[in-house]
Amino acid sequence: MPFGKPLVGTLLASLTLLGLATAHAKDDMKAAEQYQGAASAVDPAHVVRTNGAPDMSESEFNEAKQIYFQRCAGCHGVLRKGATGKPLTPDITQQRGQQYLEALITYGTPLGMPNWGSSGELSKEQITLMAKYIQHTPPQPPEWGMPEMRESWKVLVKPEDRPKKQLNDLDLPNLFSVTLRDAGQIALVDGDSKKIVKVIDTGYAVHISRMSASGRYLLVIGRDARIDMIDLWAKEPTKVAEIKIGIEARSVESSKFKGYEDRYTIAGAYWPPQFAIMDGETLEPKQIVSTRGMTVDTQTYHPEPRVAAIIASHEHPEFIVNVKETGKVLLVNYKDIDNLTVTSIGAAPFLHDGGWDSSHRYFMTAANNSNKVAVIDSKDRRLSALVDVGKTPHPGRGANFVHPKYGPVWSTSHLGDGSISLIGTDPKNHPQYAWKKVAELQGQGGGSLFIKTHPKSSHLYVDTTFNPDARISQSVAVFDLKNLDAKYQVLPIAEWADLGEGAKRVVQPEYNKRGDEVWFSVWNGKNDSSALVVVDDKTLKLKAVVKDPRLITPTGKFNVYNTQHDVY
């Protein structure tokens, strides 16, 4: 990464003092930063000025505040205490000074902070503003409690006015919910005809879609913490309720334990750091629980421990909640929400995403900045193991398959390197391999967000969405599960889409219900053409390209059946 000649010595020396410059693989770490640095929906309400910081007009402060929450908050945190990125509090930034900070923002760091200036993403004037801004005390966004939730809550169609049976002719189990990130929408796509059924307005940049246990209700949550509940039984799939559970969020889930199907919905917020339990038919808020508290490693207080992945237990009437910065997994029992019980399991800091092993008993969850996978036994309600894996694991839900030697394994790819880690998951029949990294495959490179296979498939797909090499980010690696010693095959997904100019990042393999097709998003800029590409899983040949002007920045895709039944 180039540095301006007059600043080379000063900048590198300062970076060393800050502990930011190491000899890590720059491209792979840049991929991780690019992912974590996604725009935040947080908008603090007032201007803060700090002794010792450069003067800023109100308009300058507000402009810089907006840039920070679009570009920086995902890594450095809302309160700038540090998360994936380093702390940027005034005691540190004022000591470094304006010139150093401008150089840092312009050229980035060898550890992976993006080069906002030399890449052209921020102007010189914007960089000057940002260097001033981070020398001020961070403005704290407002809290979001029950009054705010209830004010945002809307029941658009009352439960008693909803249909008693499915009124449309859609093959619901093979329907896909596709995130249209920058449009603030989802597209419902028929998996058989490959046509868009309906585009529905949602919150900003939907992060995930989840199905209720019955398969009737689709729940989507935007990064602005807005949840939309969509009734798939209606004559035309229709939004029936919505609520905002905070200011920024990533996760939503529905109760799945026998006897409690569809009864409750839970969602977790990045800000304020909390989760909320709601009525499963109306989204009426019932309970809010803060996640602020002590970290699992140093037992120090953290003011901003964000809620990441949430998964519904099949063993108990519980939600399993990842708390990112504290490194704790919470078992939230919803048997009696008026007397809510929460069990805290210490795991490792920076818990993020994960999914079930093939038995649906063990929750395999990545602590991405700790380079570990935590194994949570949902039946015995305890930590079974912490497994060391590669750099910055990001499994999505992960991928389960049967290895010829090690038996059932769960696998994850990584943002920070090109490895794929395989972890044994069968303590009964293969105890010598259980909860150990039994093998490691090598893919195209770092920058992976998702890995996927299917019980009926003999292939394993690995994307590399945030790899800085366009040839890699625009393609996927496919491993033959019957011959893992063979080199992976590369599928030129973006080339098959034939879109012309643009980044054309390929993201998230997703199977159809039958497990014989794999769908990919070709994610282009908001003003460019994007597409969905469908691959025949048996032949690895192109089967279809879905193009439509309404497919604006498609990213995540969620097949109704596979999401409902945790098939991955």
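Cβ atoms here come from the backbone N, Cα and C positions, even for glycine.
According to Swiss-Prot:
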BINDING   Cys72, Cys75, His76, Arg96, Thr109, Met113  heme c binding site
BINDING   His207, Arg250, Ser251, Tyr270, Arg397, Gln508  heme d1 binding site
DOMAIN    55-140  domain 'Cytochrome c'
REGION    26-54  region 'N-terminal tail'
REGION    141-568  region 'D1-heme domain'
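Feature map: annotations from Swiss-Prot on the structure.
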{"residue": "Cys72", "record": "heme c binding site", "Cβ neighbours (10 Å)": "24"}
{"residue": "Cys75", "record": "heme c binding site", "Cβ neighbours (10 Å)": "22"}
{"residue": "His76", "record": "heme c binding site", "Cβ neighbours (10 Å)": "24"}
{"residue": "Arg96", "record": "heme c binding site", "Cβ neighbours (10 Å)": "19"}
{"residue": "His207", "record": "heme d1 binding site", "Cβ neighbours (10 Å)": "20"}
{"residue": "Arg250", "record": "heme d1 binding site", "Cβ neighbours (10 Å)": "23"}
{"residue": "Ser251", "record": "heme d1 binding site", "Cβ neighbours (10 Å)": "24"}
{"residue": "Tyr270", "record": "heme d1 binding site", "Cβ neighbours (10 Å)": "28"}
{"residue": "Arg397", "record": "heme d1 binding site", "Cβ neighbours (10 Å)": "22"}
{"residue": "Gln508", "record": "heme d1 binding site", "Cβ neighbours (10 Å)": "24"}
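Here the candidates are the binding-site residues Cys72, Cys75, His76, Arg96, and by Cα distance the one nearest Ser251 (heme d1 binding site) turns out to be Cys75. With His207, Arg250, Ser251, Tyr270, Arg397, Gln508 listed as the residues that bind heme d1, the site has a largest C-alpha separation of 23 Å. When secondary structure is read from DSSP and collapsed to three states, Arg397 (heme d1 binding site) falls in the coil class. When the binding-site residues His207, Arg250, Tyr270 are compared by Cα distance to Cys72 (heme c binding site), the shortest distance belongs to Tyr270. Under the DSSP three-state reduction, His76 (heme c binding site) is assigned to helix. Per-residue confidence over the region 'N-terminal tail' (26-54) averages 64 (mean pLDDT, predicted model). Rounded to a whole number, the distance between the Cα atoms of Tyr270 (heme d1 binding site) and His76 (heme c binding site) is 13 Å. Note: the Cα of Arg397 (heme d1 binding site) and the Cα of Arg96 (heme c binding site) are spaced 41 Å from each other.
Under the DSSP three-state reduction, Arg96 (heme c binding site) is assigned to helix. Recorded residues His207 (heme d1 binding site) and Cys75 (heme c binding site) have their alpha carbons 17 Å apart, per Cα-Cα distance. Rounded to the nearest whole angstrom, the C-alpha distance between Gln508 (heme d1 binding site) and Cys75 (heme c binding site) is 22.
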